[in-house]
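These features come from Swiss-Prot:
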{"type": "BINDING", "residues": "CYS483, CYS486, CYS508, CYS510", "note": "Zn(2+) binding site"}
{"type": "COMPBIAS", "residues": "1-10", "note": "compositional bias 'Acidic residues'"}
{"type": "COMPBIAS", "residues": "23-33", "note": "compositional bias 'Pro residues'"}
{"type": "COMPBIAS", "residues": "34-46", "note": "compositional bias 'Low complexity'"}
{"type": "COMPBIAS", "residues": "47-61", "note": "compositional bias 'Pro residues'"}
{"type": "COMPBIAS", "residues": "101-118", "note": "compositional bias 'Polar residues'"}
{"type": "COMPBIAS", "residues": "708-721", "note": "compositional bias 'Basic and acidic residues'"}
{"type": "CROSSLNK", "residues": "LYS580", "note": "SUMO2 cross-link"}
{"type": "DOMAIN", "residues": "224-683", "note": "domain 'Trm1 methyltransferase'"}
{"type": "MOD_RES", "residues": "THR23", "note": "phosphothreonine"}
{"type": "MOD_RES", "residues": "SER63", "note": "phosphoserine"}
{"type": "MOD_RES", "residues": "SER607", "note": "phosphoserine"}
{"type": "REGION", "residues": "1-78", "note": "region 'Disordered'"}
{"type": "REGION", "residues": "98-118", "note": "region 'Disordered'"}
{"type": "REGION", "residues": "693-728", "note": "region 'Disordered'"}
{"type": "MOTIF", "residues": "132-136", "note": "motif 'Nucleolar localization signal'"}
{"type": "ZN_FING", "residues": "181-203", "note": "zinc finger"}
Amino acid sequence: MENMAEEELLPQEKEEAQVRVPTPAPDSAPVPAPAADTALDSAPTPDSDPAPALAPAPAPALSPSLASVPEEAESKRHISIQRRLADLEKLAFGTEGDVDSASSLNSDNPGTENSQTCPLCPKEKFRAYSSHKLRRHLQNLHWKISVEFEGYRMCICHLACRPVKPTIVGEQISSKLGAHYHCIICSATITRRTDMLGHVKRHVNKGETKSRYIAASTAKSSNEILKETDTDIQVFPNYSIPQKTDSYFNPKMKLNRQIIFCTLAALAKERKPLECLDAFGATGIMGLQWAKHLGNAVKVTINDLNENSVTLIQKNCHLNKLKVVVDSEEKEEGDALEDDGTLGDIQVTRMDANVLMHLRSFDFIHLDPFGTSVNYLDSAFRNVRNLGIVSVTSTDISSLYAKAQHVARRHYGCNIVRTEYYKELAARIVVAAVARAAARCNKGIEVLFAVALEHFVLVVVRVLRGPTSADETAKKIQYLIHCQWCEERIFQKDGNMVEENPYRQLPCNCHGSMPGKTAIELGPLWSSSLFNTGFLKRMLFESIHHGLDDIQPLIKTLIFESECTPQSQCSTHAPSNTNKQEENGVFVKTTDDTTIDIYSAQGKRKSNEMAINLAKKQKTDASTAHPPFYYNIHRHSIKGMNMPKLKKFLCCLSQAGFRVSRTHFDPMGIRTDAPLMQFKSILLKYSTPTYTGAQSEGQMPPAAEDTVTDRVEMSVSDKAEASGCRRW
């Protein structure tokens, strides 16, 4: 049957909305056709039509918001957007006069295909043999289900004008066709009517109903230029959608890029030049920042497997006046770049990251794949140089943060549950995976720092060659016993003998007071320190030197966390034989560090001896390492009690003789070596009762006992002043 049933109009609701930007069309065309290099197909008439030049209807009076639309922008409006039903019928019948004239209504001859074809449907989808049937089709299947906005109707369109995905080389990928609407403001093509209503509503909320917005959209280029840390990059229009773009760029990862830059800047002070690799370049912004700000101190290699990303990286290099080296040959495009000492050469490669890391050796490797990075760890440690640095950014937070526990077991081979310290647990899982990969290559690691924020988990380690270092690293991977009632935790004791009652290792007595099994075994995890204080202080100095103000608060928090010292009690004294830079009460060492002698060592034999001495020194300094994990003060607050301020509680814990500091993992977390029982007792001691809540529930203790009421009467301010702490 040639005619289309009227009930088959509604679009498939499973199709997603796609947005396109119209491009200028020739002035002579009655219906605008976009340029060939855009991601937009035109709205053609049927193939058999001779496509005569139809005279447009007289322009109706525009609404107040669209009254100032210029004629050029008005001509670019899609044919499915009309003000009256008569205007839509004029497109179908092709008459300049009234569509109700006898000449148009009585043209029931099937041979006149131009007057019997719907302008919004392809010929193979609908053909009418009478003008009455065509008018009924336009009214019922296009006009009645349209979306109205300020006097205009956005009718449903069945033409092959859905956008296609463009590429840099000009290729186009076809997309699934279907019924859709054209937005009158931004020319977006959206499949569902409800989505179109919400789309227009968002335009109204943003105030994007003026004609200048239409003109700005048409003049918008295909690629956008962004700037971050004095580095310009060119990105695709859909750069923020990793599933739909060839080169993903996430502005929320700015903190990650800055802290990695500080890491490389601190490493560049040790030896020059450094062979650096950004294994997953995408837009190349990270490698561009290295080469632009560190100059000749680094030799940057940016790699990506996608051909379009490699082309974009090369464009971004020339945009920042950096020379591109492809296959060890300088690539010259256009005018010769000026010879500036601050500009460096960037080698751009296109190959699998595992292959590249097997072929070449580097001093600094950064891995930032889409998802987990465990598939690239073996290759990274295979050829990395001694005392080099490997940084790993993991964005599979659903598995690391215990939302997809089966994925964590599959990728990292560990058992994990959601705990109050889940972010540090995620960091220790990644470090354990890195340590196992290094040990398989007869290498050990020294963790410089580990950061776990909302969008990523970043781990930076230094590589120590030799089987001795590998064995020492492997011993630091242990299982964790976690109590599910009170959330007390402790690493299992070393040894291979099976313990009769593993619950005795926990400081709590929940197993004796609670029925059933109360604890679970998590891991394997990294059980040693997560921070190197000396390296973090050098990173802080580099951040101050390069003016990276956004990252300085995080690095300061990491320094206090590594020393497990409150910020108000941080040590301001340092040996006189070191060069120091003071910043907010913290002395930053610039030439002295625990491993600074190793960096200046020349020769493989001497550096290996220095690495062994470093391992021995780390073993003696194990007692001064920060305590593992932290407690959330809100998680352990007492019902019916007002807990003290966080800074005041830190002072109280320090007064009781415990090491204490805040943590970047949790804004309300406290890292301390106090057991949970002592933590709760001190929290109870300095909490004040909520009298209304306590009286209503009958929880007010008797006055004769030494309870919370008696403890509150103690002068907290006097004790704080006696210990040198200020009351907040």
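Glycine is treated like the rest: Cβ placed from N, Cα and C.
The residues of the zinc finger (181-203), classed with DSSP into helix (H, G, I), strand (E, B) and coil, number 11 helix, 4 strand, 8 coil. Apart from CYS483, CYS486, CYS508, CYS510, the Zn(2+) site neighbourhood in this chain, defined by C-beta within 8 angstroms of the site C-beta centre, holds GLN484, TRP485, GLU487, GLU488, LEU506, ASN509, HIS511, MET514, THR518, ALA519, LEU676. Mean model confidence for the motif 'Nucleolar localization signal' (132-136) is a pLDDT of 85.
In the three-state DSSP reading, CYS483 (Zn(2+) binding site) counts as strand. For CYS510 (Zn(2+) binding site), other Cβ atoms within 10 Å of its Cβ number 16.
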